[in-house]
Amino acid sequence: MIRKERAILALEDGTVYRGYAFGHRGETVGEVVFNTSMTGYQEIMTDPSYNGQIVTITYPHVGNYGVAIYDMESNKPYVRGFIAREFSGEYSNHRAQQSLEAFMQQYGVVSIQGIDTRALVRRLRTGGVVKGVIAHRSYTHPEDPYGEFTPAEEQIYVQRARDHQDIDGHDMTKEVTTPLPYAFPTLRHGKRVVLMDFGIKHTIIERLAEVGIEPIVVPAHTTPAQIMALQPHGLFLSNGPGDPAPLEYAHKTAWELMGLLPTFGICLGHQILGLAAGGQTFKMKFGHRGGNQPVKNLLTGNVEITSQNHGYAVDIASIPDGAFVATHVNLNDGTLEGMAHSRYPVFSVQYHPEASPGPHDSRYLFDRFIEEIDAFEGANGSPVLKASAGRLGV
């Protein structure tokens, strides 16, 4: 019989799940959430939107196709921890360079396996997301990694989870945004679009480039004047982690540029547009995370299966003067999934049309963005209005 090093997951509500260590040996704390995707664990781990969170994968067996550098969504994992019913110690994939555990050890991802993930997910769906701690016995008791944690030790970790800072009200983007602007290399000249990086995924940049956009990625704190000085044809507000409410600098930028540039927002970018227009956001009970969320397009009547990762949503009824109208809704719970400005070429979706991982039903939105840019430029004769430059002091 193979002996396994012990580990626990301690939640702030006092629940303790006992399992086995996997990945980097240590301790970690974060907000515990779950993702229903069957594949794509590497993309999930390296998505900056998961910064500050411990992710539970509902699919029971994870890791059997290893890790391929081409599937990274950023330059490193951003998850605080990873949870699965069972991780695979072996892998089979001609594209892979290493096993999932070797990848976790390389980047310091603390994980746990062997717990009842179905029970954990039911707990999160019923009671909402909670803070939690993963602790490895080998980290605290290297002399006896196979022993059990005592009840007193478990309560220490429960208290540590309770004491951990909430994601609510905390600006998580400053930990993931690019420190300096950069241009994404493309094979052809296209429409110059400024991408505000709140935690952008590589695949989003690639999809924009594929439809004829020259992406210029800028830090989250970039001012409207700095953006307009780049003479862009459009503006893109990216995905990112955490609560959108504290990002007042981003709300201000989005508000000042609204109507001056065709604008497309995804995920956190969608929420920022809602707040910029005077609306409100709210934290969801357990959010939407997975590659199988049904969304209805209210403009066409079509249903799209979408990839999602968000714990906050926009209350469109709170946006004054009907500035935005709903374009997409979630068929599971009726929450807003997309909106468009009633007067300006500004639109956004709460989900991820680039997928990675997930279905490709909504990739048409990138083409729509180019169409909005072309129409705006044709109507105004220039990608940058003289009036806008004067308004911003450029």
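Note: Cβ is positioned from N, Cα and C throughout, glycine not excepted.
Here Swiss-Prot has Gly240, Gly242, Leu268, Gln271, Asn309, Gly311, Tyr312 binding L-glutamine, and the candidate from Ser37, Ser49 in that same listed site is Ser49. Gly311 (L-glutamine binding site): 22 other CB atoms within 10 A of its CB, across all protein chains. For the recorded positions given as Gly240, Gly242, Glu354, the lowest number of other CB atoms within 10 Å of the residue's CB is seen at Glu354. In this structure, Cys267 is the one among the recorded positions Cys267, Leu268 with the smallest number of other Cβ atoms inside 10 Å of its Cβ. Apart from Ser49, Gly240, Gly242, Leu268, Gln271, Asn309, Gly311, Tyr312, the residues listed for L-glutamine, the same chain places the Cβ atoms of Asn239, Pro241, Asp243, Pro244, Cys267, His310 within 8 Å of the centroid of those Cβ atoms. The maximal spread of the L-glutamine binding site, taken as the longest Cα to Cα distance among Ser49, Gly240, Gly242, Leu268, Gln271, Asn309, Gly311, Tyr312, is 13 Å. The Cα atom of Tyr312 (L-glutamine binding site) lies nearest to that of Cys267, taking the active-site residues Cys267, His352, Glu354 as the candidates.
Secondary structure at Cys267 (active site, nucleophile), taken from DSSP and collapsed to helix, strand or coil, is coil.
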